[in-house]
Amino acid sequence: MLSSVCVWSFRGRQGTGKQQPQPVPTPQPPESSPPPLPPPQQQQCSQPGTAASPAGAPLSCGPGGRRAEPCPGLPAVAMGRHGGGGGDSGKIVINVGGVRHETYRSTLRTLPGTRLAGLTEPEAAARFDYDPGTDEFFFDRHPGVFAYVLNYYRTGKLHCPADVCGPLFEEELGFWGIDETDVEACCWMTYRQHRDAEEALDSFEAPDSSANANANAGGAHDAGLDDEAGAGGGGLDGAGGELKRLCFQDAGGGAGGPAGGAGGAGGTWWRRWQPRVWALFEDPYSSRAARYVAFASLFFILISITTFCLETHEGFIHISNKTVTQASPIPGAPPENITNVEVETEPFLTYVEGVCVVWFTFEFLMRVTFCPDKVEFLKSSLNIIDCVAILPFYLEVGLSGLSSKAAKDVLGFLRVVRFVRILRIFKLTRHFVGLRVLGHTLRASTNEFLLLIIFLALGVLIFATMIYYAERIGADPDDILGSNHTYFKNIPIGFWWAVVTMTTLGYGDMYPKTWSGMLVGALCALAGVLTIAMPVPVIVNNFGMYYSLAMAKQKLPKKKNKHIPRPPQPGSPNYCKPDPPPPPPPHPHHGSGGISPPPPITPPSMGVNVAGAYPPGPHTHPGLLRGGAGGLGIMGLPPLPAPGEPCPLAQEEVIETNRADPRPNGDPAAAALAHEDCPAIDQPAMSPEDKSPITPGSRGRYSRDRACFLVTDYAPSPDGSIRKGYEKSRSLSSIVGLSGVSLRLAPLATPPGSPRATRRAPPTLPSIL
């Protein structure tokens, strides 16, 4: 049984200057016609903007009176010469973002299986947003990109616009169902360069914001691990924190996240603190405490490198002679005294290095203990450098007390391995974005570096050979090796000279002495300038692009109140109409003379004051008749219409959409609606009148931009049991090609067959509707 409830809600997509269309009375069926439809379905046909179709069936207009669709339960009619697919004209009109495009149906059939090819099918008017008044299909997409897409159908060549970002063009291609590999070669680099840059800059981002939010949710404020940025960007404590945790699906503990809030049920110490400690040592931008840890690590890195350099200065080196008594190799001879020269550094430098190693050891153990993936941790080059730089110090301390020859050999080797400590300088890449940009630039410019090496190798080989034979011209016949008049005694020595000359260094240790050798040297210098000048600008451009994007991401303000779009609704450009629902079964408590649905109900989560429309009953939830914050109601709204009266505003059906189907909206739309279950997160302040975002200049249109929608969730159980939960109707479960999510309603707890309104159990948390 369908139960209709009209609730007021703000529809932001309606224009402020549009006048609501006047309701048109529903045409009455003749006396010989079948029994009238139930009031809910008649009410659907009595919407504003209703007009009669050529076949006499009323068409209900969507919000704003823009789109017309057949009323559910009535036979479909031909929707114009283009929309119905039965017209004699071969042209079709497509309105994309307000720009009308006209083409032939045969043009759209050139790429079968795409979205535009689906417009030529007979059922296109029922699947897409078709307006019979203007005889066109409407898509709310980028009109400039669509011009290139339509030209691809006409010419068979897909070009990329230069004034559109690559990811946007990729998103539009995915929406229209076109493969990106069809882009022409002349536009491929323009199409790919932005995506390549973003892929390379993914590592510049801080750890996952959701993980940071989960880490702060469980009491990071109490632990002193959050700051003003974290509290504004990802903290979940405070008002509505529990609701946000549920929307983040964090109540039971996510992967790598805390099991719950501080002291939450079922939470463990490890699941609460593991992500926080990991972010404390890994991400310097996660909290104020993480910044302090990063500064401490940076300080010890600089001290360790300074100590390493001072150990080689003669002012910190002490040379001492130690006499060691050793047995004589000659039998019966007295022991021999052997004097050994030992080099020792200042003791305080050793102590300073020991303090630095203790800090690095503590940091390394904390990171390896609390890392989420130890295998990936051990694969990191920076972590390997940490381990290799720490081990020699402990081995040297442990072997310093031994006097055996093997121990001394190991100590000598460890002193040589001390140079590994200088590699700690690469740990600075965690704290400076410019160093990370440089590393990514070198990796992204690998092909250019290989090309540069090949050019240099060819030039070195050619000019080293030429300088060797050029210096032999005019040489003394008695000087076979040419050591008396030239430095180039062989070709391998000429390799060094060619490298120094081609890179324009010119050390001066080797130079030609003959006129022929000087000519070869001049050609070598010119070739080196041209060889290096070709690939270097590409490397510089890569660095400039990566660095500018990295700086832009750092300076980008945090979106604390990001607007999350709603699922496609009737009248939306991406809305696809469902199949007409079947007639509802007769109510068991009514006679055969007619079908009377139960009185409309309003869930308490909807927040609608119905005290003026329905008297209290035994099955009416008290929250329905109680206004204000206590009853979650909204005072001051007009009462709901009585059953059978036409809805004064445009209807809106609550449907459950298929998120997995990417055909109508594509992956970008599914990603945009990923958190639609929780629209209260990161949204602007809501108006207490209609639960709509408050924006400057929007208060004046609240009284005009309202709409109602139908809640079709009452279906009595045939076995007489009490139904709990929300069940979708069969007619809505077969909808294909929609994206979005279903609305979360409070559980039902009403025996079937009750003549009163369905009672809805009070929710444990405030409704997010």
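Backbone N, Cα and C define each Cβ position, glycine as well.
Look at Swiss-Prot and you will find 1-80 tagged as region 'Important for normal N-type inactivation'. The topological domain 'Cytoplasmic' feature in Swiss-Prot is assigned to 1-291, 372-380, 436-448, 541-769. Annotation source Swiss-Prot lists compositional bias 'Pro residues' at 22-41. The feature Zn(2+) binding site is assigned by Swiss-Prot to His159, Cys165, Cys186, Cys187, with similarity to another entry given as support. What Swiss-Prot lists as compositional bias 'Low complexity' is 211-222. Look at Swiss-Prot and you will find 292-310, 352-371, 381-399, 413-435, 449-470, 519-540 tagged as transmembrane segment. Taken from Swiss-Prot, the feature N-linked glycosylation site applies to Asn321, Asn337, Asn484. If you look up Swiss-Prot, you'll see 504-509 marked as motif 'Selectivity filter', on the strength of similarity to another entry. Residues annotated as omega-N-methylarginine in Swiss-Prot: Arg626. Residues annotated as phosphoserine in Swiss-Prot, with a large-scale study or a structure entry given as evidence: Ser687, Ser692, Ser731, Ser734, Ser742, Ser754. The phosphothreonine annotation in Swiss-Prot covers Thr750.
Proximity to Asn321 (N-linked glycosylation site), defined by a C-alpha to C-alpha distance within 10 angstroms, is shown by none of the recorded positions His159, Cys165, Cys187, Asn337, Asn484. Long-range neighbours of the motif 'Selectivity filter' (504-509) within the same chain, counting only residues 6 or more positions beyond its ends whose Cβ lies under 8 Å from a Cβ of the stretch, are 525, 528-529.
Under the criterion of 3 or more C-beta pairs below 8 Å, with sequence separation of 6 or more, the transmembrane segment (413-435) and the transmembrane segment (519-540) do not qualify as touching, having fewer than 3 such pairs. Packing around Cys186 (Zn(2+) binding site) is summarised by its Cβ count: 10 other Cβ atoms lie within 10 angstroms of its Cβ, all protein chains included.
Same-chain residues lying 6 or more positions outside the transmembrane segment (449-470) and placing a CB less than 8 Å from one of its CB atoms are 442, 488, 490-492, 494-495, 497-499, 501-502, 512, 514, 516-517, 519-521, 523-524, 527-528, 531-532, 534-536, 539. Here the Cβ of Asn337 (N-linked glycosylation site) has 9 other Cβ atoms within 10 Å, regardless of which shown protein chain they belong to.
Cβ contacts within 10 Å of His159 (Zn(2+) binding site), excluding its own Cβ and spanning all protein chains shown: 15.
In sequence order, Asp476 are the residues of the chain that are 6 or more apart from Asn484 (N-linked glycosylation site) and have a CB within less than 8 Å of its CB. Set side by side, the recorded positions Cys165, Cys187, Asn321 differ in how many other CB atoms lie within 10 angstroms of their CB, and the most is found at Cys187. Same-chain residues lying 6+ beyond the ends of the transmembrane segment (381-399) with a Cβ under 8 Å from its Cβ atoms: 353-354, 357, 360-361, 363-364, 367-368, 407, 410-411, 414-415, 417-418, 420-421, 423-424, 426-427, 429-430. Taking the topological domain 'Cytoplasmic' (541-769) as a whole, pLDDT averages 45 in the prediction.
For Cys186 (Zn(2+) binding site) paired with Asn337 (N-linked glycosylation site), the C-alpha to C-alpha distance reads 83 Å.
In the three-state DSSP classification, Cys187 (Zn(2+) binding site) falls within a helix. DSSP classifies Asn321 (N-linked glycosylation site) as strand under the three-state reduction. Each residue contributes its Cα atom, and for Asn337 (N-linked glycosylation site) and Cys165 (Zn(2+) binding site) those atoms are 81 Å apart. Within the motif 'Selectivity filter' (504-509), the DSSP-based counts of helix, strand and coil residues read 0 helix, 0 strand, 6 coil.
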